[in-house]
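The annotation S-adenosyl-L-methionine binding site is assigned in Swiss-Prot to TYR39, GLY64, CYS65, SER66, ASP89, ASN90, ASP117, ILE118, ASN132, ARG199 on the grounds of sequence analysis.
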Amino acid sequence: MSHRDTLFSAPIARLGDWTFDERVAEVFPDMIQRSVPGYSNIISMIGMLAERFVQPDTQVYDLGCSLGAATLSVRRNIRHEHCRIIAVDNSPAMIERCRRHIDAYKAPTPVEVVEGDIRDITIENASMVVLNFTLQFLEPAERQALLDKIYLGLNPGGALVLSEKFSFEDAKVGELLFNMHHDFKRANGYSELEISQKRSMLENVMLTDSVETHKARLRKAGFEHSELWFQCFNFGSLVALKAGVAA
């Protein structure tokens, strides 16, 4: 059962850095719906992409799976036999709830839920990889290595879905979309105090990149094609394709 996010509704004397702890995990579904514009659309469209890209006898990786929303969307849309989904997160609280969510939905495609660091996971025989609002929590210097590993582990014709909060090279555009995002959160019932305290906790942990920076990294990793397929304010998702034909 999801609870309403009121974690920051009262003043907090000492704000530390953001962590995906038990308190966050408990309210996460409400929090992300009220904080990330277009989140439900991205989740449902990840399932549509899975229907197009997941191949028989291959694996799908959901790296930074949180409570398993993307994993479940993929699982619902797989049309082939002998596929496997590997869902990974380093938060024990998230993983515990993710396992419950996966177990509650019965489907023929098996899901392995792994508590671990996505940087340590071996990617192999993958037809699809999902990084849904995950890369932004890695140190910028570590992001290229992860994308390189994903590219190498993808089969020809495979796809990476990369969803992120974006920064913008045009400061005027960045300011506009930042303000519109805050309007979105206010419209969803968050107070100025809640918005401010959460932003303070995230500012040293969630470091955003521009779409241009993401595309440059993807090219460097080897992806022959990449494009922004969804955007709402300063949030969006790219798809990157490895050339070749799926076996």
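Positions of Cβ are set from backbone N, Cα and C atoms, glycine also.
Note that the structure is predicted; figures quoted are calculated from it, not measured.
All features noted in Swiss-Prot, drawn onto the structure.
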residue	record	contacts (Cβ under 8 Å, 6+ apart)
TYR39	S-adenosyl-L-methionine binding site	ILE32, GLN33, PHE235
CYS65	S-adenosyl-L-methionine binding site	THR71, ALA87, VAL88, ASP89, MET94, CYS98, VAL113
ASP117	S-adenosyl-L-methionine binding site	ASN90
ASN132	S-adenosyl-L-methionine binding site	ILE42, ILE43, ILE46, ASP62, GLY64, SER66, ALA69, ALA70, VAL161, SER163, SER237
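The DSSP secondary structure for CYS65 (S-adenosyl-L-methionine binding site) is coil. In the structure as shown, the Cβ atom of ASP89 (S-adenosyl-L-methionine binding site) sits within 10 Å of 26 other Cβ atoms. According to DSSP, ASN132 (S-adenosyl-L-methionine binding site) is assigned to a strand segment.
Considering only the residues assigned to S-adenosyl-L-methionine binding, TYR39, GLY64, CYS65, SER66, ASP89, ASN90, ASP117, ILE118, ASN132, ARG199, the longest pairwise Cα distance works out to 25 Å.
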